[in-house]
Amino acid sequence: MEERILTQNFTQEDASEYSLRPRWLSEYIGQQKIKEELKIYIEAAKMRKEPLDHVLLYGPPGLGKTTLATVISNEMGVGIKITSGPAIEKSGDLAAILTNLQENDILFIDEIHRLNRSVEEILYPAMEDFELDIVIGKGPSARSIRLSLPRFTLIGATTRAALMTSPLRDRFGVINRLDYYSVEELKEIIKRSANILNIGIDEKAALEIAKRSRGTPRIANRLLKRVRDFAQVRGNGYIDFKTSKEALDVLGVDEIGLEYIDRKILVSIIEKFGGGPVGIDAIAASIGEDGDTIEDVYEPYLLQIGFLNRTPRGRVVTKLAYDYLKYPYIEQGRIEGV
């Protein structure tokens, strides 16, 4: 049971992605404030010979929440078990994981906001008292026993912290929001990844990829690999500025990182809904995309760069986006310039 919940089948691409992940805080680029805080918490926990307090990491996908969890386990010198909220279907699944933890181990739960509520309730005494309540038997003969657990650290990760229940969220002693990365930070990540993958790349090319990576390391590394493919097939394998620009144009990633679906979302709101406000379900239906995917993957970046606003009545495309897409701006029924 535990093996099914805790392991995945890794592809060669997954293995390559894993090799790019930093192992120590000193190697981790970006999120400076979080790194400084964690360094203090980790040192203090090690001095007291105690597990690190429970940690909640939240923010858009691809910013390094899982990577940061593995870095914390390395810095603490403890083991880590990785699972996700949807994978823990029953309370027995969680009980099996918790009882197999070693002293001071880290349990990392990705998408923790998707935990089943009955499973979540088992976590409360486990997080607070390192004890597990188990019901044995059914009906009138059922009885509850309490098992002692090894002291552990729970690291939860979520892209949607607002969907977590207050009782669960309040049990985390350390709560950190991961922010989008600067272009300069992404450039350094790309250069580091290129070095690990033995890819030749110049400064301007790394900067060009960084500009189109939506502030997200996962996207930066993905684009680097695809540009590498382009350089090997169309060039001599070395990534210069010209090669990077041509490859990214072929991939449909524009100068600020917008992709086909981003433009489709914005154009749909402008052409079909007068620029908004419009609900996420209507947007999803109009472009044939899942609403959760729009909210989790595409919308955060459009909000970040000021192309989209969220209002109580729905999503609204901003003047900035109209100008970028070269559409006449419509405000309160009036076309600007007319």
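Including glycine, each Cβ sits where the backbone N, Cα and C put it.
The feature region 'Large ATPase domain (RuvB-L)' is assigned by Swiss-Prot to 1-181.
Other C-beta atoms found within 10 angstroms of the C-beta of Phe130 (ATP binding site) number 16, with every protein chain shown included. The annotation ATP binding site is assigned in Swiss-Prot to Leu20, Arg21, Gly62, Lys65, Thr66, Thr67, Glu128, Asp129, Phe130, Arg171, Tyr181, Arg218 on the grounds of sequence analysis.
What Swiss-Prot records for Thr66 is Mg(2+) binding site, and it gives sequence analysis as the kind of evidence. In the three-state DSSP scheme, Thr66 (ATP binding site) falls into the helix class.
The region 'Small ATPAse domain (RuvB-S)' feature in Swiss-Prot is assigned to 182-252; the stated evidence is sequence analysis. Mean model confidence of the region 'Small ATPAse domain (RuvB-S)' (182-252) amounts to 91 (pLDDT, 0 to 100 scale).
Residues or ranges marked as region 'Head domain (RuvB-H)' by Swiss-Prot: 255-338.
Per Swiss-Prot, DNA binding site is recorded for Arg310, Arg315. Within the same chain, residues at least 6 positions away in sequence whose Cβ sits under 8 Å from that of Arg310 (DNA binding site) are Glu299, Leu303.
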Integer Å distance between the CA atoms belonging to Arg315 (DNA binding site) and Glu128 (ATP binding site): 40
Candidate with the highest Cβ count within 10 Å, taken from the binding-site residues Leu20, Gly62: Gly62
Fewest other C-beta atoms within 10 angstroms, as judged across Thr66, Glu128, which are the binding-site residues: Glu128
Site extent for ATP, whole Å (max Cα pair distance, Leu20, Arg21, Gly62, Lys65, Thr66, Thr67, Glu128, Asp129, Phe130, Arg171, Tyr181, Arg218): 37
